[in-house]
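As structure tokens, the structure follows; a few thoughts come after it.
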Amino acid sequence: MNLNKAQAQNIASVLAEALPYIQRFSGKTIVVKYGGNAMTEEALKNGFARDIVLMKLVGMNPVVVHGGGPQIGHLLERVGKQSEFIQGMRVTDSETMDIVEMVLGGMVNKEIVNLIHQHNGNAVGLTGKDGNLIRAKKMEMTAFNEDLNAPELIDLGHVGEVERINTKVLDMLIQDDFIPVIAPVGVDEQGHSYNINADLVAGKVAEALHAEKLMLLTNTPGLLDKQGELLTGLNAESVAALIEDGTIYGGMLPKIQCALDAVQNGVESSHIIDGRVEHAVMLEVFTDEGVGTLITSH
């Protein structure tokens with residue numbers, strides 16, 4: 001097929017724009033949290049896999065951490081078990097934890113690995129149990145009890161938080177040119193499994209690997225101001241002000257906090273990007289404009 005002059009110039013322009021980013025990030029680790037619409041729509045799923053394979057091909061080291069909340073909810077519904085949430089966290093009893101582990105570590109994780117393989121990448125699927133990757137501890141949550149007029153401890157069951165990341169297995173895979181794909185299931189010293197928020201796991205993995213970037217895919221354009229306009233660049237000081245004035249609230253609050261914690265602990269930059277845009281990861285990494293909100297420490 002022959003390209004006309006305009007098409008040829010457009011392709012050349014795109015490649016020229018990508019070149020400095022390829023040079024800058026070659027050899028660097030980029031942690032990508034994969035979730036939301038990007039996990040359910042076929043075009044977005046294939047676009048994501050191609051983006052990850054391209055990053056690896058040009059010398060970057062992508063590490064994928066994935067969620068799977070809707071898939072967990074669907075299977076729980078099929079087995080007749082109702083989902084319960086407290087402050088956005090899924091209450092996870094032992095039976096639910098078995099299903100969470102099966103869905104995240106089995107179905108979802110292996111689907112992503114297979115998708116990357118279909119686009120000629122080399123991926124290895126892991127949970128936090130593999131290589132003692134994610135050492136977890138039970139999450140403690142409190143809520144104010146009006147009857148007691150005091151804070152009350154809430155038992156979420158097998159919901160955990162990251163205590164530490166063991167990077168040995170990740171370092172080995174990266175050195176051997178594999179793409180790690182991580183399911184956010186952790187384990188404590190007694191061998192108990194925990195369901196952990198995928199954003200939190202991605203942030204801690206990025207910190208432990210001293211990643212260049214942490215990228216969190218969402219179902220929004222990024223962080224929006226009170227007028228609904230995209231905020232493209234923020235630092236720690238401006239994030240604090242936006243939390244104070246109520247611009248950042250609800251479900252976006254823990255995501256932003258995770259991104260902020262990462263840049264304050266050695267990650268160069270965090271990005272909240274629109275996973276509903278096809279090839280969102282590629283556009284954020286390889287173009288001047290990007291497709292979301294950039295967060296830095298200063």
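Just so it is clear, glycine is given a Cβ too, placed from its N, Cα and C backbone atoms.
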Next on the checklist: Looking at substrate binding as recorded in Swiss-Prot, which candidate out of Asn4, Asn166, Asn195, Asn219 goes with Gly68, Gly69, Arg90?
Outcome noted: Asn195
Checklist entry - For Lys33 (site 'Transition state stabilizer'), which residues of its chain lie six or more apart in sequence with Cβ-Cβ distance below 8 Å? => result Val65, His66, Gly67, Ala198, Asp199, Val201, Ala202, Leu214, Met215, Leu216, Leu217
Checklist entry - Relative to the Cβ position of Asn195 (substrate binding site), how many further Cβ atoms are located within 10 Å? => result 28
Checklist entry - Quick one: Cα separation, Gly69 (substrate binding site) versus Lys255 (site 'Transition state stabilizer'), in Å? => result 15
Next on the checklist: For the substrate site (Gly68, Gly69, Arg90, Asn195), what does the 8 A shell look like? I mean other same-chain residues with CB within 8 A of the CB centroid.
Outcome noted: Gly67, Ile72, Gly73, Thr92, Val100, Val103, Leu104
Checklist outcome for this item: Quick note, Lys255 (site 'Transition state stabilizer') and Gly68 (substrate binding site): C-alpha atoms separated, nearest Å, by 16
Checklist entry - Where does Lys255 (site 'Transition state stabilizer') sit in the DSSP three-state scheme? => result helix
